[in-house]
Amino acid sequence: MKKKYRIAVLPGDGIGPEVMREAYKILNILKNHFSLPLETREFNIGGSAIDQEGTALPKKTLLGCENSDAILFGSVGGKKWDDLPINQRPERASLLPLRKHFNLFANLRPAKLYSELKYLSPLRSDIIKNGFDILCIRELTGGLYFGKPTGRLKKNNIEYAFDTEIYYNYEITRIAHLAFQLAQTRNFKICSIDKSNVLNSSVLWREIVKKVSKNYPDVHLSHLYIDNATMQIIKDPNQFDILLCSNLFGDIISDECAIITGSIGMLPSASLNEKKFGLYEPAGGSAPDIEGKNIANPIAQILSVSMLVRYGMNLKTIADKIDQSVISVLKKGYRTADISNNNNYLKTNEMGDVIANTLISGE
């Protein structure tokens, strides 16, 4: 590892700064207890940047990210900025440009049901008795969300709108290679999601995924149509390990997997480019309704640090220690408000302290 691993920290809006404070506790332990050569610099982003600097993504922030090895992101947005033109709102004017600027083509969304939190899942107990640990891998820069032409027109008093799904072979190839490489670090199993019985883009998707799979004979590949996949996830989520999806289908599937865990406050995510530069963030939003109340769940932000260590720094053992600290805390009965089934729960800072102390002690 090089002398310094530089992290651009972007707390953002809503609960972002609150949960980021707890992530800092973990980062400090990684520096001081595990002797990792981390260097953090904090930058403004989102609505707070609009208020202070007139733009959601200031040049200083972008430059700071360019001079870093990874981005640790909080959350952006809130009702305060909802009246702005849509392209100037924090979500559209900060996170999306960051993804585009750094060509973050791969979105990794883990969805894990912890045995201690099964009561949170909306699924029947017999369905989730064995739990599940799914990694959704979503292609993030191609497909329907970016295809041209797109528009809304009116002709002869008839209004219509259109979008275009376009996938280039190299876009599918690179996301498939990443999925197979990650499968080799997990359970050697991938299910690719498409709609190749209807869509030409999905026909190409399936053909290329099959072709790439020949380079990974130790990984079992299966395919499902998107409509069947959404049903199978509800019927038996434990049958899946890695789900490989296009942009649109991954958007749908990853949210479905998230909701059946019972709390999005537990779920981190990573967006990577071909050089493994990544943006790491909680899967949830800025939650302005609980901002400043010190009740937000910091676990997703802490696990985002774990993903940064795992995928950005390639330090699996230390990432596992962070993950295990979270599991240990849950086993001991510690809860935040969103995952508690009673009124006895920890505040945001208290949960951060418990996880940090557990990481140091290893208990």
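For all residues, glycine too, the Cβ spot is worked out from N, Cα and C.
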Among Arg124, Arg138, Arg206, which residue does Swiss-Prot annotate as binding substrate together with Arg99, Arg109, Asp227?
Arg138
Suppose the Mg(2+) site is Asp227, Asp251, Asp255. Which further residues of the same chain have a Cβ inside 8 angstroms of that site's Cβ centroid?
Ile226, Thr230, Leu248, Phe249, Gly250, Ile252, Ile253, Ser254, Glu256
Counting other Cβ atoms within 10 Å of each residue's Cβ, which of the recorded positions Arg109, Lys195, Asp227, Ile295 comes out lowest?
Asp227
Which entry in the list of binding-site residues, Ile86, Ala287, has its Cβ near the fewest other Cβ atoms, using 10 Å as the limit?
Ile86
Listing them in sequence order, which of the recorded positions Tyr145, Asp255, Ile295 have their Cα within 10 Å of that of Arg109 (substrate binding site)?
Asp255
State, in Å as a whole number, the widest CA to CA span among the substrate-binding residues Arg99, Arg109, Arg138, Asp227 given in the record.
28
Same-chain residues six or more away whose CB lies under 8 A from the CB of Asp255 (Mg(2+) binding site)?
none
